[in-house]
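A.B. asks: Below is a structure I'd like to ask you about.
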Amino acid sequence: MATASVSFKSREDHRKQLELEEARKAGLAPAEVDEDGKEINPHIPQYMSSAPWYLNAERPSLKHQRKWKSDPNYTKAWYDRGAKIFQADRYRKGACENCGAMTHDKKSCMDRPRKLGAKWTNMHIAPDEKIETFELDYDGKRDRWNGFDPSSFARVVERFETREEVRRKYLKEQQIKKLEEQQRNPDNEGVVSDEDDDEDDLKVDEAKVDESKQMDFAKVEKRVRTTGGGSTGTVRNLRIREDTAKYLLNLDVNSSYYDPKTRSMREDPLPDADPNEKFYEGDNQNRISGQALDFKQLNIHAWEAFEKGQDVHMQAAPSQAELLFKNYKVIKEKLKSQNRDTIMEKYGNAASEETLPRELLLGQSEREVEYDRAGRIIKGQEVVLPRSKYEEDTYANNHTSVWGSWWKDHQWGYKCCKQLIRNSYCTGSAGIEAAEAAGDLMKSNIALKEATEETPEKHEEKQLATWGTEVPQDLVLDQKLLVESLKKEDQRKKEEKDERKRKYNVKWSDEVTAEDMEAYRLKRIHHDDPMKDFLH
């Protein structure tokens, strides 16, 4: 039951509510009505019919189960492609300098660049495009068919029907010609050649084959009898039983891979053998030789022609695709020979014995260009290089060179002032001199600092005896220090035996002198030696 906000009910009210729900489910009581006057199904579970507490529902309703948060701003419309809104008669300020439309600038113009734009000619002003902005919802952004016009498919249907009509007309004309020939030659009525049968078979419309032929369409003519009495499918990969199988030609594990499922071995199993003695060179040999290569080129030509707009399909009309490919090769060869003849006629043939003309050798021409001493053109005109529609040779901040004309220490800069900071103001030769002076001053300061730096004094390191080292032959020990070391060793051993004699503040020194090492060796007993087991 669709309930409103939960409120406290007594036990008696709760019992009456349950009895009313059971009566509504049994059809003995009328169903509950929502805010809009619609009946609520009593069999809806309570967890679906009860509204959340934060909605503050005063009356029973099922609105919380519907899409109640729909945004009215969302739309399912799409852009009106190619729509124009206004056609101006004169050029307006701020419009595109090329075509005259107000909806874009010259850099974003998609029209052909004019020799003189609409800004100067004031003619052929292009209309303004219709610019729209839509706020799509979640489904609208992900709808792959959004903006598709179903009426555009009518062109496909119309083209198919036109082709079918031309096909029927052609077949009817061929049948009429055939009947006229039979009437002219009544003696050859019973004789039907194989070519006529082939032509009749080709003229049959494949889309309108009768039911009997459709039933036998998947029938396999070639069958092989088996020992069990049944028959297999198509015959493939058959060989003479006396021939050696391809997987037995080379028993090396690292040789060509043989796939037992498809019975194929693409690579050559014996690449080092004599080609005249081999009868099998791998399955790839069939793919790169003979008619397979021609068929591959035919497929590629059909794909490329289809992408360029021609109605060519290799599977739908193979004869048409093959005829177009033949014509393409003939035209290509003709153009190649024509291009070769044009080049030879213009530049001559180095392999021939004909001498080149004098005008071509000296590079002379009929055009006359006169210059002054400064190199400026006085008479005639040079070939003007095509300029880009983007800005070129613009120097900012008083620079005389562009950014990137100077390179130093893995950084780009301006060549005119040798600055490495982009968009900086040009300082000219004064800036170059100041930069060089600053560099020289920095180098002199570094050299002065290195010269005035004090070298640290070298302290002599004490050569201390290390544990585990052998006693050198020329070791000289101080007897007084040795006696003191022996006393220290005795004191250390007493402290090891009785830890109570160890003082609270123990001074520890990790420096071991040669006298301390000698005292340790003298006081050491045999069972303390870790290498005693290796002596016997």
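Keep in mind that glycine also has a Cβ here, set from the backbone N, Cα and C atoms.
Because TrEMBL annotations are produced automatically, they should be read as predictions rather than curated entries.
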A.B. asks: Of 1-42, 211-252, 337-378, which range does TrEMBL call region 'Disordered'?
C.D. replies: 1-42
A.B. asks: For the compositional bias 'Basic and acidic residues' (487-501), how many residues does DSSP put in helix, in strand and in coil?
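C.D. replies: So the compositional bias 'Basic and acidic residues' (487-501) is made up of 14 helix, 0 strand, 1 coil.
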A.B. asks: Going along the chain, which residues at least six beyond the ends of the compositional bias 'Basic and acidic residues' (487-501) come within the CB cut-off of under 8 Å?
C.D. replies: 516, 519-520, 522-523
A.B. asks: Would you mind splitting the region 'Disordered' (1-42) into helix, strand and coil residue counts from DSSP?
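C.D. replies: Secondary-structure breakdown of the region 'Disordered' (1-42): 16 helix, 4 strand, 22 coil.
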